[in-house]
Amino acid sequence: MSNSPKPLADTDTQSWWTKGSTSASLLGIVIFAASFTSDRFIANSLLSLPLMISTLISVLIASWGIPKLRALKMGQVIREDGPQTHQRKSGTPTMGGLLVVPVGLIIGSFVSVNGESSEQLLALSWITLAYMLIGGFDDWRSLTRGTNTGLTPRGKLLLQTAASLIFLAWAGWQHWIDSSIALPLGISIQMGFMIWPLALFVFLAESNATNLTDGLDGLASGCGALVFTGLAVQLMLRGNDGNPVLAGFCMAMAGAWLGFLMHNRNPAQVFMGDTGSLAMGAALSGVAILSNSLWPLLVMGGVFLAESLSVIIQVWVFKATKGPDGVGRRVFRMAPLHHHYEIGGTDEQMVVRRFWLSTGGLVLLGLLLRPTA
């Protein structure tokens, strides 16, 4: 009997604008329009080329790789305490990050213009691949055990911390990291030595946030593509304080996730798994740390932040109010936040579209409030 996932909605009866394919295509148009606009009006901007190449190759590689994942029986195990509608997703191939993350890294590596840029891209590629492998090991353990849990939280945290410390030691040796945090209106906060624990926290928090966001078809891949695009455009708008090479890297990663989205939109043919979501968070963090874009990442990645905070709040309140019977209060119907709306009766695709729109609005806000000299 086939493990192929069944669509959660009858796409034949849906309005054209509510179909997953249409929503994903419209998101792609927005991202391409942003890259073309940047190239047209910002000096030295070359964002469209890595975006186009990465998107095309990602679509093709995913088309080739999804049947391979299915043949290897890499079917997602759905958590039993999650929304019951998700049980129909059981068997959908996972670990899709293996197919597209390398595409973004390879295309992004071709935008280097000098030796220092090449080494920064190498460091970025290393930390992204390291997190991808950690996520892949976690996914593999889940699949072999037939459960939704792989590595222990402590084990995963230790591996992520070790990888992040190696990256930060590399960046510190090369003097790539500014000890201040750039803010709008020419304001900056001098962090001194504290920039290092902050950078480590960013890696751990951002990768966890993108991982939590990957719970609905197309949610994390769409939001990730938008945030990578926003980071790229703000790097170009910052002129001499920006970084065209890292902007090109961001667009290559945006293209990789946009191409993946064509297969990950509802009804999903493949999931990125921890393999993809942890790599996404690591790449976003690495770019932000190397380019002094922690503030733009905080604003543009607001949906990721909200997803993570919803889990923290839910757990804290439940533990703080737990009575002798072991039952505590819940702020949300279910965490992360996207499940709160889904359990409340909002259609999965509607939740995804609203989160995409929210991310798009936050990206625009981040561009308006970008750091200035």
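Cβ atoms here come from the backbone N, Cα and C positions, even for glycine.
Look at Swiss-Prot and you will find 16-36 (among others) tagged as transmembrane segment, backed by sequence analysis.
Residues 28, 31-32, 35-36, 38-39, 93, 96, 98-100, 103-104, 107-108, 110-111, 232-233, 236, 244, 247-249, 251-260, 262-263, 269-270 of the same chain, all 6+ positions outside the transmembrane segment (46-66), place their C-beta atoms under 8 angstroms from a C-beta of that stretch. According to Swiss-Prot, the feature transmembrane segment maps to 46-66 (among others), an assignment based on sequence analysis.
If you look at the transmembrane segment (93-113), the same-chain residues 6 or more away from its ends with a CB under 8 A from one of its CBs are 46, 50, 53-54, 57-58, 61-62, 65-66, 69-70, 74-76, 121-122, 124-125, 128-129, 132, 135-136, 139-140, 143, 244-245, 248-250, 252-253, 255-257, 259-260, 263-264, 269-277, 279-280, 283. Swiss-Prot lists 93-113 (among others) with the feature transmembrane segment.
What Swiss-Prot lists as transmembrane segment is 120-140 (among others).
Annotation comment: Swiss-Prot describes 157-177 (among others) as transmembrane segment.
Beyond its flanks by at least six residues, the transmembrane segment (185-205) meets 127, 157, 160-161, 164-165, 167-168, 172, 177-179, 281-282, 285-286, 288-289, 294, 297, 308, 371-373 of its own chain at Cβ-Cβ distances under 8 Å. The transmembrane segment annotation in Swiss-Prot covers 185-205 (among others).
Remote same-chain partners of the transmembrane segment (216-236), defined as residues 6 or more beyond its termini with a Cβ less than 8 Å from a stretch Cβ, comprise 20, 23-24, 27, 30-31, 34-35, 38, 42, 44-45, 47, 210, 242-244, 246-248, 250-251, 253-255, 257-258, 260-261, 264-268, 272, 276-277, 280, 283-284, 287-288, 291, 293, 296-297, 300-301, 303-304, 338, 342, 348-349, 351-352, 355-356, 359-360, 363, 366-367, 370. The feature transmembrane segment is assigned by Swiss-Prot to 216-236 (among others).
Under 8 Å from some Cβ of the transmembrane segment (242-262) lie the Cβ atoms of residues 21, 24, 27-28, 31, 35, 44-48, 50-62, 96, 99-101, 103-105, 107-109, 111-113, 117, 120-121, 124, 218, 221-222, 224-226, 228-229, 231-236, 270, 272, 276, 280, 283, 287, 290-291, all in the same chain and six or more residues away from its ends. The transmembrane segment feature in Swiss-Prot is assigned to 242-262 (among others).
Taken from Swiss-Prot, the feature transmembrane segment covers 270-290 (among others), and the record attributes it to sequence analysis.
Here the transmembrane segment (298-318) has long-range neighbours at 205-206, 208-210, 212-213, 223, 226-227, 230-231, 281, 284, 328-332, 335-338, 340, 355, 358-359, 362-363, 365-366, 369, meaning same-chain residues at least 6 beyond its ends whose C-beta is under 8 angstroms from one of its own. Annotation source Swiss-Prot lists transmembrane segment at 298-318 (among others).
Within its own chain, the transmembrane segment (350-369) has Cβ neighbours under 8 Å at 18, 23, 27, 30, 184, 216-219, 222-223, 226-227, 229-230, 233-234, 237, 266, 295-296, 299-303, 338, 341-342, counting only residues six or more beyond its boundaries. The transmembrane segment annotation in Swiss-Prot covers 350-369 (among others), and the record cites sequence analysis as its basis.
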- Any residues 6+ beyond the ends of the transmembrane segment (157-177) with a Cβ under 8 Å from its own? 116, 119-120, 123, 126-127, 130-131, 134, 137, 151, 195-196, 199-200, 203-204, 207, 278, 282, 286, 289-290
